[in-house]
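**Q** Relevant sequence annotations retrieved from TrEMBL are reproduced here:
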- Cys35-Cys45: disulfide bond (DISULFID)
- Cys206-Cys212: disulfide bond (DISULFID)
- Cys260-Cys300: disulfide bond (DISULFID)
- Cys434-Cys691: disulfide bond (DISULFID)
- Cys462-Cys466: disulfide bond (DISULFID)
- Cys486-Cys525: disulfide bond (DISULFID)
- Cys531-Cys536: disulfide bond (DISULFID)
- Cys533-Cys568: disulfide bond (DISULFID)
- Cys555-Cys560: disulfide bond (DISULFID)
- Cys581-Cys590: disulfide bond (DISULFID)
- Cys613-Cys618: disulfide bond (DISULFID)
- Cys665-Cys699: disulfide bond (DISULFID)
- 34-464: domain 'Integrin beta subunit VWA' (DOMAIN)
- 640-728: domain 'Integrin beta subunit tail' (DOMAIN)
- 752-798: domain 'Integrin beta subunit cytoplasmic' (DOMAIN)
- 1-20: signal peptide (SIGNAL)
- 729-751: transmembrane segment (TRANSMEM)
Amino acid sequence: MDLKLLLLSALLLLICQSRAQQEGSYCIKANAKSCGECIQVGEKCGWCTDPDFLKQGEPTSARCDELDSLKKKGCAVDSIENPRGSVTVNVNKNVTNRKDKSEKVEPHDITQIQPQRITLNLRSGEAQAFDLKFKRAEDYPIDLYYLMDLSYSMKDDLENVKNLGTDLMREMKKITSDFRIGFGSFVEKTVMPYISTTPAKLLNPCTGDQNCTSPFSYKNVLRLTSDGQQFNKLVSQQQISGNLDSPEGGFDAIMQVAVCGEHIGWRDVTRLLVFSTDAGFHFAGDGKLGGIVLPNDGKCHLENGMYTMSHYYDYPSIAHLVQKLSDNNIQTIFAVTNDFQAVYKELKNLIPKSAVGTLSSNSSNVINLIIEAYNALSSEVILENSKLPEGVSMTYQSHCKNGAIGEGESGRKCSNISIGDEVSFHISVKANKCPQHGNSEVIKIKPQGFTEEVVLDLRFICECDCHSKGQPNSKFCNNGNGTFECGACRCNPGRIGRECECSTEDVNSDDLDANCRRDNGTDICSNNGDCICGACECKKREHAEERYSGKFCECDNFNCDRSDNKLCGGHGICECRVCVCNANYTGSACDCSLDTSTCLASNKQICNGRGTCECGTCKCTDPKFQGPTCEICPTCPSVCTQHKECVQCRAFGTGEKKDTCEQECSDFKLIKVSDQSKLPQPVQSFPLVHCKERDTNDCWFYYTYAVNNNTEKEVHVAEKLECPAGPDIIPIVAGVVAGIVLIGLALLLIWKLLTIIHDRREFAKFEKEKMNAKWDTGENPIYKSAVTTVVNPKYEGK
């Protein structure tokens, strides 16, 4: 199991190293010719400005590399150009916190989003982040424009709307003290087949005795005003009109309401558009039925409050309408009857910051509908940004009420926001490249439906600081053929080479190629580079740490010998295909250690005195010994076995050597102790071995063997032997007899039990057959009675 984990760890390490090398190599792969090009490759790329940094054969692009790699190659920290991005808050007005609600505050003095202007210095690949704060202001002004369908089917609705002004004003005062209301109406384009163009129908499009006004496309009846009585007065003067088809021209009216701000009177406050109808709508393309093919231009065409170009421009598309409503921060409330709920709910999904309410058949519930829709719209904040420049991305993270955090598209919005609630957004902006024209852009972020916005000034870092210190026509660049900047030459058009020493017309000259061949060989730059201006520029490797070098690119730092799959064994560096080993290492792959500490045995002798230390590993000269320090001897007897006979004869006078004990067993000092517990214990000063051996009488004896600091052998023996006790005969015999008797009794009882069971079964069987027997009670066929009765045939019974 340990081996598998080790292999898995090694594999993961190799994968991580490989990925790290591949990530770092993109700076080299970019082939950047200047510092400005280098820093646009990625945030990890730096440029070395040291004029002496490049080795022979290395191209100018080798100055661009990952920061750590540049340091390893010898570039000083103060010679590395690595500009970083930054965030600067320019306008940071606090969000409005009204303590005195009775105090009148102008709309332009109310702040709901903070900060208001930020400058971002962006370097390619490096994200810059900032936080936005949003707080719903109390008593925020509201402008509401009521746009009503005045086709004939809305006749009963108009009666209820005539008193809408004062009633709605009274209810909205509960939400805000600054409320204005306006009114507009629409019917349809004044061309066939939408309306009848006969003179009589143009004057009165209704049938029978109904008195209707002439049809029109859109009419602005009342600019936004705070006078509810005036709203009621003007609305009460309106008359129903009529058209031929079911869908209405409401989109024309919405477009004019959105773009004709001066005519409608929109302020920079919350803008609500209530669209009331009981029918569907025409959209882009439907104008072809009336011969209208020009697309809607999205401009204001109101004269005396009337839309004058309905017969000239087609209906707007939904996308066009969405754009104009968003550009003018208008939130739309669709008050429609139940029959068209499904249609307008689909439309709501396409229009940001819009709501749909169910309008009663006579519009009697319109006030409650407006208030509920307003509360739903204002309780949600959704951030949107203007079009991003090419190569710029933006991510959002929302921090809403109760600690809720949103990511992705959910990071743009927060819901269930009440008046006075504060939420925040963490926004990150990242540029992947510099723009083609200019080094600055402006984008805007704003909450949908609000006029306030945050302006982001984007400044792109496209050049290094050293670029401004460049020396045009420098003498270092072949006497004026380039600009010397950031430690390298940026060649003039038509010139190439590290020092701009060559013209592009001379690159393929045979005479120049001859200077790139080693020993008059046939390979140009050893097949590891290109001949530029008579000098070799070595190829770049996929991995940033690997490179070719030398006048003819004949050297490299990755083709040296390896050990344990490591270049130069991990104990040296590869220079021109030869390992230069670190101190205490030698060998072609630097895998031979000169340190002998790994060869020390437990007795502090090198290889236990039975071998030599080579490359940090013992080579045992005695074939019986093995192991990393020549201390293992599988065939050698143990210390206990080796001294058993001598200890036995000297301590107890027994054993095989009792007759030759004095001659063969006098090489150690014998010390007797009373029992095993008195034997000495191991100490660090010298090794000690505890032994337990058996004699010929099957008795155990204990002793210790040690070599003290004076190299004298000492043996401590416990005089007390452990001998096995003999068997107790009486219990054994008694147990055997008792066992036989008990087994006999058990067998007898079993036999008796089986006999009783068998007899009872037979008796029960007999009783059962006896009960089942049936006795025949009929006449005996062999019985003859002694009485014979004869009947006289002639007897007539008289």
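From the backbone N, Cα and C atoms, a Cβ is placed for every residue, glycine too.
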**Q** Roughly how many angstrom lie between the C-alpha atoms of Cys536 (disulfide bond) and Cys581 (disulfide bond)?
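**A** Spelling it out, the Cα of Cys536 (disulfide bond) and the Cα of Cys581 (disulfide bond) are 29 Å apart.
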**Q** Between Cys45 (disulfide bond) and Cys531 (disulfide bond), find the distance joining the two CA atoms and give it rounded to the nearest Å.
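**A** Between the Cα atoms of Cys45 (disulfide bond) and Cys531 (disulfide bond), the distance comes to 27 Å.
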**Q** So if I draw a 10 Å sphere around the Cβ of Cys560 (disulfide bond), how many other Cβ atoms end up inside it?
**A** 21
**Q** Counting by DSSP, what is the helix, strand and coil composition of the domain 'Integrin beta subunit tail' (640-728)?
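**A** Counts, helix then strand then coil: 20 helix, 27 strand, 42 coil.
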**Q** Taking the Cβ of each of the disulfide-bonded residues and counting other Cβ atoms inside 10 Å, which one has the highest number: Cys434, Cys536?
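**A** For the disulfide-bonded residues Cys434, Cys536, the Cβ with the most other Cβ atoms within 10 Å is Cys536.
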**Q** Of the disulfide-bonded residues listed here (Cys260, Cys486, Cys691, Cys699), which is spatially closest to Cys533 (disulfide bond) when Cα positions are compared?
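**A** Of all the candidates listed, Cys486 is nearest in space.
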**Q** Roughly how many Å lie between the Cα atoms of Cys486 (disulfide bond) and Cys613 (disulfide bond), rounded to a whole value?
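**A** Answer for this pair: 54 Å between alpha carbons.
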**Q** Given the disulfide-bonded residues Cys35, Cys581, Cys613, Cys665, find the one whose Cα is closest in space to the Cα of Cys466 (disulfide bond).
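**A** Closest recorded candidate to Cys466 (disulfide bond) by Cα: Cys35.
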**Q** What is the interatomic distance between the Cα atoms of Cys568 (disulfide bond) and Cys581 (disulfide bond), given in whole Å?
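**A** Per the Cα atoms, Cys568 (disulfide bond) and Cys581 (disulfide bond) stand 7 Å apart.
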**Q** Compared by Cα position, which of the disulfide-bonded residues Cys212, Cys665, Cys691 is the closest one to Cys581 (disulfide bond)?
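**A** Of the disulfide-bonded residues Cys212, Cys665, Cys691, Cys691 has its Cα closest to that of Cys581 (disulfide bond).
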